[in-house]
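Features of the protein shown, as given by TrEMBL:
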DOMAIN    37-217  domain 'Reelin'
DOMAIN    255-377  domain 'DOMON'
DOMAIN    434-558  domain 'DOMON'
DOMAIN    562-763  domain 'Cytochrome b561'
TRANSMEM  598-621  transmembrane segment
TRANSMEM  642-665  transmembrane segment
TRANSMEM  671-692  transmembrane segment
TRANSMEM  704-729  transmembrane segment
TRANSMEM  741-763  transmembrane segment
TRANSMEM  803-828  transmembrane segment
Amino acid sequence: VGGGGVLYLDCECACVTTETVLLPLDSISEMQRWTVVWCLCLAGARLAGGFSGGAPSSTCEDMVPKHRNTAAQNSQSMYTVASSHPHTQDGKVRVMISAPEGAAGAAPGFAGFLVEARSPQETAALGTFTSVPEEAQTIDCAPGQSNAATHRSGLLKQAVELEWEAPPDWEGDINFVATVVSNYTTYWVGVKSEPVRVIRRQVEGGPPGGISTTKAPATVTVEDILSSEMQLYAGCGSSKSCVGSPLGCIETKSCDAVVAVTSSSSGGGYTIDMVGKQVKYVAVGFSDDTVMGSDHVIECVHEDNDAENGVKAYRSWNLPGTKSNRREERQSGFSLMRGVYLDGTVYCRVHHEAVVTVQDKTFNLDKTPYNLLLAAGSELKANSVGFHNKAYVSSADKQLMSDFRVITPPDPFYDGCNEVKTCFGAPGDCVASRDCLAVASVLTQGLRYQFEMKAKAAGYVALGLSDDRFMGSDSVVECVHDPSSVSGPIKAYMSWNVPLPNKGNIRKSVAQEGMTLLNGSYTDGTIYCRLSRDLVTTVEGTTFNLAQDQYYLLLAAGSSLKSESVGFHDVIYVASGQKAALTDVGGFTEASRLLLKLHGALMVAAWIGAASLGIVMARYYRQTWVTSSFCGKDIWFAWHRFLMLMVWLLTLTGAVLIVVEVGGWVSEASLVHALLGSATTLLCFIQPFMALIRPHPGASGRQLFNWAHWFVGNTAHILAIVTIFLAVQLNKAELPQWMDWVLVGYVAFYVIVHLILSMCGCVSERAGSKRINTFPMKDMNSGRVPLSMDRKQDAPHAGLRKCLLVILVLGVVAIATFLILLVVFAPFERSWAQFQESLKSM
């Protein structure tokens, strides 16, 4: 009996576990007291569960209090469980269970609790509670020890704060899961904290100053390093922002140095993975520009005095204006999760907080875009990294670290373009974006001119000097990839474009003096070369003076070679839009492709759009709208004539435009397209003249005319569609390959409509009403003569035909519009990417 007038009793019976009973003494007599005690014990009553000395270990798994005739609350808990930090620091983190201030309808506190750390989807308790307050105690949840914490007494508590430590060498996310008891009948089970990222600890403690250190396990192998490197590349461009050196190495997973940044799965901060080969350090900087200065840097370093192949991580600062680096005294805001050094390769993984302050400058990786600077080197200085002799690249533009994409470092080829040297590339404005499919530059060096050329997915790249925009009588310098050559895979030649009528390229009779190959490479399908050319050279009797004369530039690249010349320009072929001196820096831009695009757009509008509708109107709608007319002509005839006239005008205009653009007959690669296009244009041209001389209805030659008119029109339509299919394959058109499937969809749609309308005509005939003519070779009463009595009303199922016509018009207009957009905005993928970038920048 306590001094407060309360009977305190532990009842232990065979049918019940030990429980605590609290009864006011003033309300019962002595006899009644003992009677109550025995009755409660015999009945196994549990009157004050949760106010005892803590939860037993038997509740570790389900965490449910053994309160008879009660159930956990299914509402939102009024109590909260929260960690002090989104990730562990030195393997530890603090967790607090707290009650709200003045919670309505409940006591301002909680009487009992049980808390564990668990990984998602698991019920086993992890780690150890290393520090608990006086009102709490730890319990053992098998097979661990001190891996759960509970209350020590039933006194009400407003908050409890505990310290938890993760298991050694464990990495991943955990949640603190708690049961919180307000009173005997009111409690919540499974109250969770936000996820906490456990950062792996491989050694106890660390060096002074907060430097993060980890050592490579003794069993690390080359396979372990390769596995970590391959995991780094996984997700680049989709779930990671990646920068690598040399250029293009991320796609081939062959970088000398690479960094990947991704959001931490726990929702706080970022994970940074870095690899450097044949280095002592690899580092990443967060910068407001592409050069060193006022940048926050994270270094992963293998120091020479570390005999155990350890890796250390430091935070440093790029001093503004000096291009030097200094380590910070305060090493915070990051922690090394893993580090390995083996045979010259440094690998590390660092957890980086979202917001850090360095030299009074705040770096917020969540909200502020930065350039990434990647550096690696083989030497160290005292308290600093050494010269970046293995890698130094920067992302071309700023981006948020959550904007996952492969960050392509700027290609040094474009340094000085149109400032100190002339650059000309394709497609379009690729020089400004530093991403050309093929590009050439010319730099004046006294009496010699230095040419650089580069092309992707190519076996050769060539630059021609011409008096016009067309091949013929041009001096050409070529860079060729010849893997069979014993003297080196990259060769440079001078060649000559033969004029019409023997249009082509020859190399054999051209003297190779006056040109010297300085450098060349072929990497992952990209060919590059640098060569010098004399100021004055004579080729095939024509003198080329690079200082005095002006030229058009012809840039070409292709994937195949001939025995004594380059092959077809299937990668790129463009001409400059102006004639200028090579010393006129910035004087060359790609020739306008307006005429080419107009040609394509007009042909699509003519044959996909107007011709499709005009043919259907004449074939299936002669006995529709028979009571109406337009300018004294049947509706079907008025529309047919208008649409086919548009086809005629659009086709002839398009033909003239392409002749002006090409300036003559085409090369063999475009020959089939040109031949079918010419045949289509010829048939289209004669069709209206055939209509003008058609025989009168009833004349002996009328049936022959009907067949001829039908044959010429349908043949022209079929040839036109095939010609459009062939245009997709033309390099100069720059159309996406999937445009073929759009055309296939159009053909299928058009054929299905034809079949349905033909079946509708058959059904109409069988209905016994006025017969719809589905074959134009048989004469009908002309739309230019008075309507006969049997044509005073539409043929049966006119409503269905009109509905099908609406569907056809909508479908044809939609497909034709989409195809025209593909032609006008070619290359479509690049135009679409630029449009998306402009939206992001708004």
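Cβ coordinates are placed from backbone N, Cα and C, and glycine is handled just like the others.
Note that TrEMBL annotation is computational and uncurated.
Owing to the predicted nature of the structure, the values given are computational and were not obtained by experimental measurement.
When the domain 'DOMON' (434-558) is classified with DSSP, helix, strand and coil residues number 0 helix, 77 strand, 48 coil. For the transmembrane segment (671-692), same-chain residues at least 6 beyond its ends with a Cβ under 8 Å from one of its own Cβ atoms are 603, 607, 644-645, 647-648, 651-652, 655, 658, 665, 705, 708-709, 712-713, 715-716, 719-720, 722-723, 726-727, 730.
Outside the transmembrane segment (741-763) by six or more residues, the chain places 608, 612, 616, 619-620, 721, 724-725, 728, 772-774, 796-797, 800-801, 804, 807-808, 811-812, 815, 818-819, 822 with a CB less than 8 A from a CB of the stretch. Taking Cβ pairs closer than 8 Å, the transmembrane segment (803-828) reaches residues 427-428, 597, 600-601, 604-605, 608-609, 612-613, 616, 621, 733-736, 739, 742-743, 745-746, 749-750, 753, 756-757, 760 in its own chain, all 6 or more past its ends. Taking H, G and I as helix, E and B as strand and the rest as coil, DSSP gives the domain 'DOMON' (255-377) the counts 0 helix, 75 strand, 48 coil.
Across all of the domain 'DOMON' (255-377), the predicted model scores a mean pLDDT of 86.
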